[in-house]
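A quick write-up on the structure given underneath.
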Amino acid sequence: MTSLIDLAVIGGSGLYQFPGLQNTTRQSVDTPYGPASGDVVIGDFAGRRIAFLARHGESHTLPPHRVNYRANLWALHHLGARKVIGVNAVGGIRDDMGPRVIVVPDQIIDYTHGRFTSFCDVEGAEVKHIDFSEPYTASLRVDLLAAAKRAGVAVIDGGCYGATQGPRLETRAEIARMKRDGCDLVGMTGMPEATLARELELDYACLALVANFAAGCGDEAEISIEEIFAHLAAATGSVPPILAELLKS
Ligand code: HPA
């Protein structure tokens, strides 16, 4: 089934419903990979059609390593989405990427393991070796950055997203290593989402919302989950205005 979807949004921690989405219908999609994280909610926003999916489920019941990334991407593609924005909560490693900062990353290092990372994992599927030199779609990144500017929201252009397994946060030594590797941000859900989007030839970009300084990067001895969610709530407020502008491009 295909319908006209102007943009799909995968909401991360703290974004379980898309604010301002109107005339909504819910689609439960049967996928060859099992169930998606939940129903896809389709509705009108800023005069366009949006498909929204809560990555962790609408009640945040799925930890990052148990999200069925393949089913999620397949369902959005099946419903007719061709552009996807992943909204991801992250920890900041770089000094200028503190809590509430928003980043549009341009690179990824994958530290996850044991996840289904490809649609080629299935018996008999064609083996594809996608080019992944630029893991995010350049044109969608450019449009997202321009949209943020028009919306008057400060965002940082570029940064390397290190994807960790979770659900625990990292040790200081792990973050120190990631910093040496060149990571600017750390999150648990950026991969394999980006790879799977590319395999399906979806345009894909990430809006990374910094919830905390990663282990050992800020002044805090410990990272509290309450603090993470407070910062996320603040940063999440900027997502709809950015996407409203994106939908005009
Ligand atoms: N590490 C990994 N993922 C995260 C973090 C973090 O510090 N904060 C929010 N998501």
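Each Cβ is built from the backbone N, Cα and C atoms, and glycine gets one as well.
Curation plays no part in TrEMBL annotations; they are all automatic predictions.
According to TrEMBL, the features are:
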- 7-233: domain 'Nucleoside phosphorylase' (DOMAIN)
- SER13, ARG55, HIS56, THR189: phosphate binding site (BINDING)
- GLU170: site 'Important for substrate specificity' (SITE)
- MET188, ASN212, PHE213, ALA214: substrate binding site (BINDING)
- ILE225: site 'Important for substrate specificity' (SITE)
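Feature annotations (TrEMBL) mapped to structure.
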| residue | record | DSSP class |
| --- | --- | --- |
| SER13 | phosphate binding site | coil |
| ARG55 | phosphate binding site | coil |
| GLU170 | site 'Important for substrate specificity' | coil |
| MET188 | substrate binding site | coil |
| ASN212 | substrate binding site | strand |
| ILE225 | site 'Important for substrate specificity' | helix |
Are any of the binding-site residues MET188, THR189, PHE213, ALA214 near ligand 1, with a Cβ under 6 Å from it, and if so which? MET188, ALA214
Is it possible to get the count of other C-beta atoms within 10 angstroms of the C-beta of THR189 (phosphate binding site)? 28
How many Å separate the Cα atoms of HIS56 (phosphate binding site) and MET188 (substrate binding site)? 11
Report the mean pLDDT of the predicted model across the domain 'Nucleoside phosphorylase' (7-233), rounded to a whole number. 96
Return the member of SER13, GLU170, THR189 nearest to PHE213 (substrate binding site) in space, with distance defined Cα to Cα and candidates limited to these recorded positions. GLU170
Fewest C-beta neighbours within 10 angstroms among the binding-site residues ARG55, HIS56 belongs to HIS56
Name the one residue among SER13, ARG55, MET188 whose Cα is closest in three-dimensional space to that of GLU170 (site 'Important for substrate specificity'); these are the binding-site residues. MET188
Rounded to the nearest angstrom, how far is the Cα of ALA214 (substrate binding site) from the Cα of THR189 (phosphate binding site)? 15
Just to verify: the residue among MET188, ALA214, ILE225 with the fewest other Cβ atoms within 10 Å, which of the recorded positions is it? ILE225
Among MET188, ASN212, PHE213, ALA214, listed as contacts of substrate, what is the widest Cα spread in Å, to the nearest whole number? 15
Cα-Cα distance linking MET188 (substrate binding site) and SER13 (phosphate binding site), given in Å to the nearest integer: 10
Does anything in the same chain, at least 6 positions from ASN212 (substrate binding site), have a Cβ under 8 Å from its Cβ, and if so what? GLY91, GLY92, PRO99, GLY218, GLU220, ILE223, GLU227, ILE228, HIS231
Measure from the CA atom of ALA214 (substrate binding site) to the CA atom of ARG55 (phosphate binding site) and give the result in Å, rounded to a whole number. 22
